[in-house]
Amino acid sequence: MATILIHNEENTLLESEQEVAAYLENQGVIYEHWDIAKLPNRLSEKYDLTDEEKDEILTVFQKEIESISEKRGYKSQDVISLSDATPNLDDLLQNFQREHHHTDDEVRFIVSGHGIFAIQGKDGVFFDVRLNPGDLISVPPHIRHYFTLQEDRKVVSVRIFVTTEGWVPIYEEETV
């Protein structure tokens, strides 16, 4: 289950499922929690995946992917894996942490590990959505954000795209 840290004066932490869901809905961010128990144990917490294993992950969650894709018009998906074994991980993370937006939704489903989306709220205040296995998030178009890893520095996620080309980041001049 995701948690949210709001970067206001109080550094408000939202931890209950109801609080998280209500806050994200108010921000226009889609949040779902999929049944991660469907994932075969041999793929849980595995970060060096073969193409066949990535395809298997997509097959395991095919119904959920098809459901959200039909509702939102998504056309393609892939699986990415990041860990300390990933070549140039620090360079990749530095690039991911550049604040940007897209002209379409940025959708991720966390399979293993953890990730953080830092998102600019409607009031201009940033908040971190700390994602765990089973969490799906869809950041709406034109919302400033960035993605990074949590302290464990590893994640396997399904990325779902509006186009077959994937997202095109539009970087901002101002830093977050």
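Along the chain as shown, residues are numbered 1 onward.
Glycine too: its Cβ is placed from the backbone N, Cα and C atoms.
Swiss-Prot annotations:
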type    : residues                       : note
SITE    : Glu99                          : site 'May play a role in metal incorporation in vivo'
BINDING : His100, His102, Glu106, His145 : Fe(2+) binding site
BINDING : His100, His102, Glu106, His145 : Ni(2+) binding site
SITE    : Asp105                         : site 'May play a role in transmitting local conformational changes'
SITE    : Arg108                         : site 'Important to generate the dianion'
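Annotated features taken from Swiss-Prot, shown on the structure.
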residue: Glu99; record: site 'May play a role in metal incorporation in vivo'; DSSP (3 states): coil
residue: Asp105; record: site 'May play a role in transmitting local conformational changes'; DSSP (3 states): coil
residue: His145; record: Fe(2+) binding site; DSSP (3 states): strand
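By a simple count of nearby Cβ atoms, those within 10 Å, the most crowded of the recorded sites Glu99, Asp105 is Asp105.
Take the CB of Arg108 (site 'Important to generate the dianion') and look out to 10 A: across all protein chains shown you find 20 other CB atoms. For the pair Glu99 (site 'May play a role in metal incorporation in vivo') and His145 (Fe(2+) binding site), the Cα-Cα distance reads 5 Å.
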